[in-house]
Amino acid sequence: MYPAHLLVLLAVCVSLLGASDIPPQPLNLVQFSNMIQCANHGRRPTSNYMDYGCYCGKGGSGTPVDELDRCCKIHDDCYGEAEKSQKCAPYWTWYTWKCGSDGPQCDDSKTGCQRFVCDCDATAAKCFAKAPYNKENYNIKTRCQ
């Protein structure tokens with residue numbers, strides 16, 4: 001084998017090892033984002049929910065600060081139930097749904113994890129659409145204990 005080939009092979013191996021440390025993006029967050037847009041008819045960007053209150057976004061602790069934050073806590077709890085009782089990986093579960101006139105609708109033919117996770121997301125998206133958005137509750141994680 002030529003030294004140049006060995007260098008290329010070594011570079012590929014090193015890059016693959018480095019890439020294994022990068023956590024992949026959960027697949028169904030794209031679906032959840034689309035559901036949120038469906039439910040609120042595009043009135044509020046999905047990014048507004050990424051760091052809202054004590055429960056919207058990654059993790060959660062303390063007491064929900066308002067109705068919208070309660071929607072996020074309920075969604076977190078629903079995902080916890082999906083993991084516990086359904087043995088699902090909710091962040092990785094891909095499901096089918098459609099955007100109807102009354103918001104997101106899960107595919108009735110699905111059962112088990114797909115249906116459970118879809119219902120978690122659809123319920124949360126509809127809850128988000130109904131709840132008022134208080135700008136003062138954006139990026140307040142330091143207040144959540």
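Any Cβ shown, glycine's included, is placed from N, Cα and C.
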Matching residue for the Ca(2+) site, where Swiss-Prot names Tyr55, Gly57, Gly59 - out of Asp66, Asp76: Asp76
Selected from Cys99, Cys106, Cys113: Swiss-Prot disulphide partner of Cys38: Cys99
Candidate cysteine (Cys13, Cys54) that Swiss-Prot pairs with Cys144 in a disulfide: Cys54
Member of Cys72, Cys78, Cys88 annotated by Swiss-Prot as disulfide partner of Cys120: Cys78
Disulphide pairing with Cys56 per Swiss-Prot - partner from Cys71, Cys72: Cys72
Spatial neighbours of Asp76 (Ca(2+) binding site) among the disulfide-bonded residues Cys56, Cys88, Cys106, Cys120 [C-alpha, 10 Å]: Cys56, Cys120
Whole-number Å value for how far Cys72 (disulfide bond) lies from Gly59 (Ca(2+) binding site) (Cα to Cα): 10
Near-site residues: Ca(2+), ref Tyr55, Gly57, Gly59, Asp76, CB cutoff 8 A to centroid: Cys54, Cys56, Lys58, Gly60, Cys72, Lys73
